[in-house]
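Colleague: Got a structure for you, questions after.
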Amino acid sequence: MSNKFLGTWKLVSSENFDDYMKALGVGLATRKLGNLAKPRVIISKKGDIITIRTESTFKNTEISFKLGQEFEETTADNRKAKSVVTLARGSLNQVQKWDGKETTIKRKLVDGKMVVECKMKDVVCTRIYEKV
């Protein structure tokens, strides 16, 4: 994994997040809170363990994992998912599976920004973060 991912990132733009949350099955009240949140994402690495911590006024979440190894996580909207994160062509690609459903979260670096593309079925959301 590129060390350029490491550090603290703040959300600067978000496109189609509400539709993505709807596709996930997130209820209206939680979607409203999610849309208002301006999360900070802290990515760190210790040995071969990567940690992604997301902090917002809505909720804090943290996942720690080894690339390519499945782990369990509880998402910000309280889904219990099995996830795997892999590295391909410079992107951190996360696949979450729960209740027969699947979503992908791709994190890539573009011009010094972290571009996060979330996809559920045919709904795509793009969130852009700048390093703090």
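Each residue, glycine too, has its Cβ placed from N, Cα and C.
Pulled from Swiss-Prot, these are the listed features:
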BINDING   Arg107, Arg127, Ile128, Tyr129  hexadecanoate binding site
BINDING   Arg107, Arg127, Ile128, Tyr129  (9Z)-octadecenoate binding site
DISULFID  Cys118-Cys125  disulfide bond
MOD_RES   Ser2  N-acetylserine
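Context for these features, please: burial, neighbours, distances.
Modeller: Summarising the environment of Ile128 (hexadecanoate binding site), the number of other Cβ atoms within 10 Å of its Cβ, over all protein chains shown, is 15.
According to DSSP, Cys118 (disulfide bond) is assigned to a strand segment.
According to DSSP, Ser2 (N-acetylserine) is assigned to coil rather than to any helix or strand. On its own chain, Ser2 (N-acetylserine) has Gly90, Leu109 as residues at least 6 apart in sequence with a Cβ closer than 8 Å to its own Cβ.
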Colleague: With a radius of 8 angstroms around the mean position of the C-beta atoms of Arg107, Arg127, Ile128, Tyr129, what other residues of the same chain does the (9Z)-octadecenoate site pick up?
Modeller: Trp9, Leu11, Val41, Lys113, Met114, Val115, Val116, Thr126
Colleague: Tell me whether Arg127 (hexadecanoate binding site) sits in a helix, a strand or coil according to DSSP.
Modeller: strand
Colleague: Just report the maximum Cα pair distance in Å for the recorded (9Z)-octadecenoate binders Arg107, Arg127, Ile128, Tyr129, no decimals.
Modeller: 10
Colleague: To the nearest whole angstrom, state the Cα distance for the pair Arg127 (hexadecanoate binding site) and Cys118 (disulfide bond).
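Modeller: Checking the Cα atoms of Arg127 (hexadecanoate binding site) and Cys118 (disulfide bond) gives a distance of 8 Å.
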Colleague: Given the binding-site residues Arg107, Ile128, Tyr129, state which is nearest to Cys118 (disulfide bond) when distance is taken between Cα atoms.
Modeller: Arg107
